[in-house]
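Structure below; questions to follow.
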């Protein structure tokens, strides 16, 4: 009886030990604790910079000067101030009848991801670490650093818990540490115009990301990660951020003499040939934002900026939402108004020029797209039902382009339902007479063209490319739409989830997506073969990246079509 009691006591004690909160030691002796979630140790809401408040609003992030001692890293931090994504989804609902066309198993997770950004605060520069349970500081596991998307106007690391990646990495026998970083978006992170340029605080959101990467370099070993094996990856604006981290400081991705990252994955995003931070577009965005915030734009640049810094967070949040929602959906005008722009500092030249001249970090990468990227954005032009309507809309979007340039776009993307997006659906899915045409233009302008620019310019690194078609003929009007792959990576472990998780985990471990995946061999992209992986719902095939060459090439060369 005594021995049985001792056994039970030992078992209870062991269970208590196993259930203890995971810990990590920072700065030599400052202990933080996290939460054990099944097979994953989680540390959420770790500050990596001082709060960008008061005089630090709109400025580059400053190193964290507080203490970590006793931090209970149990919960995600609030999102940074931003456009309300729930409004965007609601407008899509009204415009497309989203509830009718997106299957419930997809629609629910989309709204769940949006909920991750409901709580907002300017004090938002925090990151999260996910690792296999029980990982020791000397484990030296590869690190996957996630940069979220959201058109540079919304998004939050809380919407993308890393549990799915860590669990699958354990299953594969290729364990990783997953890190996600908050960064400022919209005017809080990408305010442009003469005033902010003169002050030297452009592209604050990019600097937030880089400050997070510096924190990883300094601290991730304390969580069992290897700072010499860091992969950055993201989707949409997150992928565009990855592209701009590749060209930051002309390709110098070093910090304290060591590389900040060693590989990259760009999902549905790449470099965009934005005009510089003091050009017409950013100035328009700056002045509209200031006006909506109640600041006098006729005053001096310094006075206007001081006024903006004096306003409450709620006033600026309302101002941003007023600007974003002034059009039907408002995403594209805002998308072209805010975002990373050349500033002579972190982005020293135009993005395409930096890649084409070899001024980028020489690391292996993967870049790919969904087949129908533009369908989620096409509602901005739902009222354009004739060619003259579309031309007028293009003149608004491409405000710096000549009439000849716009006419060429219209000729390359005719009002022929069978060649519009969703692609390969014949005359079906024509929500309006011009919907498929506009969707095709946006697919190629914003996503396909930047991907091909990168591939053609980066001949001296190993690179892989893919096209996802797994929702073909499954979702009316939207097809394999922008952002759907996130559902499979973070929410629903069905269909192509294995392809995304396993290829990407292998790439983080080996700089090769093919090791230990039990998936189709994914061949490297070459200029001669243009090898491309096509991701299906349950299987994959290799194909050639040779679709819509003339239309996509036009966007590669006519950069005045971008703002």
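Glycine is no exception: its Cβ is also placed from the backbone N, Cα and C atoms.
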Tell me which residue from 20, 245, 395 Swiss-Prot records as pyrrolidone carboxylic acid.
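The residue tagged pyrrolidone carboxylic acid by Swiss-Prot is 20.
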I'm trying to understand the geometry here, so how far is the Cα atom of residue 124 (disulfide bond) from the Cα atom of residue 373 (active site, charge relay system), in Å to the nearest whole number?
30
Just counting, how many other CB atoms are there within 10 A of the CB of residue 295 (disulfide bond)?
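For residue 295 (disulfide bond), the count of other Cβ atoms within 10 Å is 22.
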Using a 10 Å cut-off between Cα atoms, which of these recorded positions sit near residue 482 (active site, charge relay system): 20, 80, 236, 295, 307, 373?
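Qualifying among 20, 80, 236, 295, 307, 373: 236, 373.
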May I ask for the distance between residue 383 (N-linked glycosylation site) and residue 373 (active site, charge relay system), taken between their Cα atoms and rounded to an integer number of Å?
20
Run through the Cβ atoms and count how many others sit within 10 Å of the one on residue 373 (active site, charge relay system).
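There are 27 such Cβ atoms around residue 373 (active site, charge relay system).
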For a quick check of understanding: among the recorded positions 20, 236, 302, 383, which residue's Cβ has the most other Cβ atoms within 10 Å?
236
